[in-house]
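If you check Swiss-Prot, you get these features:
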| type | residues | note |
| --- | --- | --- |
| DOMAIN | 8-290 | domain 'tr-type G' |
| BINDING | 17-24, 88-92, 142-145 | GTP binding site |
C-alpha cells in the first residue's frame with residue numbers, strides 16, 4: 001500500500017497544560033473543527049470526548065492520555081491535508097507520568113495557558129519535562145473571554161517564570177466580555193469568527209484603529225525574531241527592513257524546531273475563537289517526524305545506532321502505554337519511528353528478547369477505535385494481542401535489532417494498605433491490581449511479608465484514590481483502604497565500616513560454610529556514575545587469589561540486594577550505599593550458594609548498624625497560590641509542618657508561596673488549606689528529594705515499625 005499522507009505532512013503533537021487551563025476543551029474544539037465530532041463536548045457537562053474514563057467525566061480532570069487522529073487543511077481549506085496525531089495529557093501533578101511518556105513519543109507540543117491564571121505550578125513541571133525531551137512547542141493563551149484575562153502579562157510570565165523566548169503571532173482584540181477576535185501579525189489583518197456557525201466561518205477585517213500601533217510593534221518584534229534564524233534572512237531584513245510572509249514563517253519555524261523561541265497564539269476555546277488559527281500555526285511551525293533528529297538506540301552488540309523516519313528503513317517502534325479495554329483486552333499504544341508494520345506481522349521485543357505476533361492494529365479516537373491494516377513511520381496506533389510488552393519496550397524487526405532509549409519512571413512516594421472486603425473480592429483484587437500496575441509504571445503493588453497485607457504505592461493521594469476507584473468500577477472489586485503511609489528510605493553516614501561474618505553449621509550430615517568480609521560506605525557522587533550501580537546500590541568485588549570461588553560471588557551480591565529491600569533500621573529500602581567484598585573463606589565440601597547468601601546478608605545487617613544509619617524522608621516541592629489576606633496564616637501553617645519557605649512571587653491569581661515540606665506533614669493538607677482560606681487558595685506539590693529525618697521523627701517511625 002502507498003502512504004496516504006506524506007510524512008512531512010504529519011504532526012505528532014501533545015496538548016499540555018496546567019489543570020483548568022482549558023486543555024480538554026481546546027482538544028474538543030480541534031475535533032469539532034477537523035470534522036471528527038459533529039457536536040462539541042464540554043468538560044463541565046462531563047461530555048468531553050477526550051475524557052473517556054468515568055472518573056475523568058466526574059472529576060472534570062484528564063487522567064490518561066487519550067490519543068486521537070484528525071486531518072486539517074487550514075482555516076480557509078487552502079493547504080494540502082495534514083494528519084495530526086494528538087495526545088491530550090493530564091494536568092494534575094499526580095499524573096505527570098502520563099505527560100512524561102507522551103512527550104517521549106511526540107514531535108511537538110501545544111502549551112495551553114489560562115489568560116487569567118498564567119503560568120501555574122504544574123506549567124513549570126510540564127515545561128521541564130518538555131525541555132528534557134527537547135520538544136519544540138508553541139503556546140496558546142486560552143480563556144481570553146474570562147474576567148481578569150491579560151495576554152501581555154502571560155507572555156511576560158513565559159519569559160520570567162519559564163525562561164522561554166515567547167514570540168506573539170497574534171494580538172488579541174479586546175479581552176474579557178469584550179474579546180472579539182485576534183490580529184494576525186503575518187497578514188496584518190483582524191480575524192473575526194462567526195458565533196452562529198460556532199466559529200467555522202470567519203472573515204478578515206481591517207485592524208481597529210486603536211490597535212494599529214500595538215500590532216505594528218508586535219509584528220516588528222516577530223519579524224526580527226524570524227530574521228535571527230539565518231544570516232541571509234538577517235541581511236535581507238537589515239537591508240530592506242521587511243521580510244515576505246513565507247520568509248517569516250521559515251525563519252520562525254527553524255527557530256521553533258531548535259527550541260529557541262515559543263510562538264504564542266491566543267483565543268477562547270469555549271467561545272470558539274482562536275483554536276482554528278492555532279491549528280494553522282501547528283502546520284506552519286511545529287515539526288513533522290522527518291524534521292526531528294533520528295531517534296537514538298543501541299544495536300544488539302551495544303553500539304549506538306539511529307533510526308531515520310522513513311518507510312524504507314527496518315521497522316522500529318516504542319510502546320509508550322498499555323491500557324485495558326473492556327472489549328478487546330490489552331491494548332499497546334506505540335509510536336512507529338521507522339519502517340512499516342502490517343497486522344498479523346511478527347515483531348521482536350528487544351528488551352524482553354521475545355517474538356510476538358501483532359493481532360490487530362487500531363487507530364484510536366479517544367476510546368473509539370477503527371481497525372487499520374498497516375502503520376508506517378510517524379504513526380501512533382494501538383496493537384491488540386501483545387502479551388509480554390510493558391511501557392518503554394522497543395518493538396523492532398528481528399533481523400535489525402535495536403533498543404530505543406528506555407523511559408525512566410519516578411519512584412512512588414506514598415503507600416497504603418488495601419484489603420478485599422469479601423472472600424470473592426480476594427482473587428479479583430490480585431488480578432485487578434496486576435492489570436493496573438501493567439498500565440501505569442508509577443504505580444506499584446507488593447505484599448508485606450510479615451503482615452500479609454497488600455501495599456499499593458503511587459505518586460500522591462489522588463493517584464491512589466483513582467486506582468481504588470478504578471478497581472471498584474472496572475473490575476467490580478470492593479476494598480477497604482488503610483491510611484496513607486510515607487515511603488521512607490534508609491542510608492548510612494559513616495564510611496569504610498568493616499563487617500566480618502562467618503555462617504557455619506555442622507551438626508551431622510552436610511554442613512554449611514560461608515565467610516565474607518565486607519566494607520560499607522555511603523555512595524559518593526563519583527560512585528553514582530559507576531557502570532555497576534543498580535537501583536541506588538553499588539556492589540564491588542575486590543576478591544583476589546580465589547579466597548572465595550567465582551561461583552559464590554553472584555549469590556553474595558544477591559544476598560546483599562535482597563537485604564537492602566528491607567533495611568535493618570525500620571524495614572524501609574536502603575539507598576545510596578556502596579559495599580566492597582574484600583575478603584572471606586570457603587570450605588571444599590560445606591560451602592554452598594545459600595551459605596554465602598546468608599553470610600552476606602548478616603554481614604550487611606551488622607555493618608549497617610555500625611555505620612551510623614539514618615532515616616530519610618521524602619521532601620515535596622509545594623506551591624500555594626492564595627489571595628494576599630491569608631498569607632500570614634498559610635506561612636505559619638507551613639512552618640508548623642516543618643516546611644522551609646523558598647520565596648514568594650506574584651501571579652495573576654494572587655500571591656505564590658514556594659516551600660519545601662516533608663510529605664509526612666502533607667496528608668489532608670487540601671482540607672486544611674480550604675478551611676484556612678474559605679476555599680480561595682490552591683496548591684500543587686511534587687516530589688523533590690530525600691532528606692535526613694529529624695531524630696524525633698525518625699524515632700517515632702522506627703517505634704511504629
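Cβ from N, Cα, C; glycine included.
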Surrounding CB atoms that lie within 10 Å of the CB of residue 144 (GTP binding site), all protein chains: 30
Residue 17 (GTP binding site): tally of other CB atoms within 10 A of its CB: 30
Taken over the domain 'tr-type G' (8-290), the model's mean pLDDT: 84
In three-state DSSP terms, the structure that residue 144 (GTP binding site) belongs to: coil
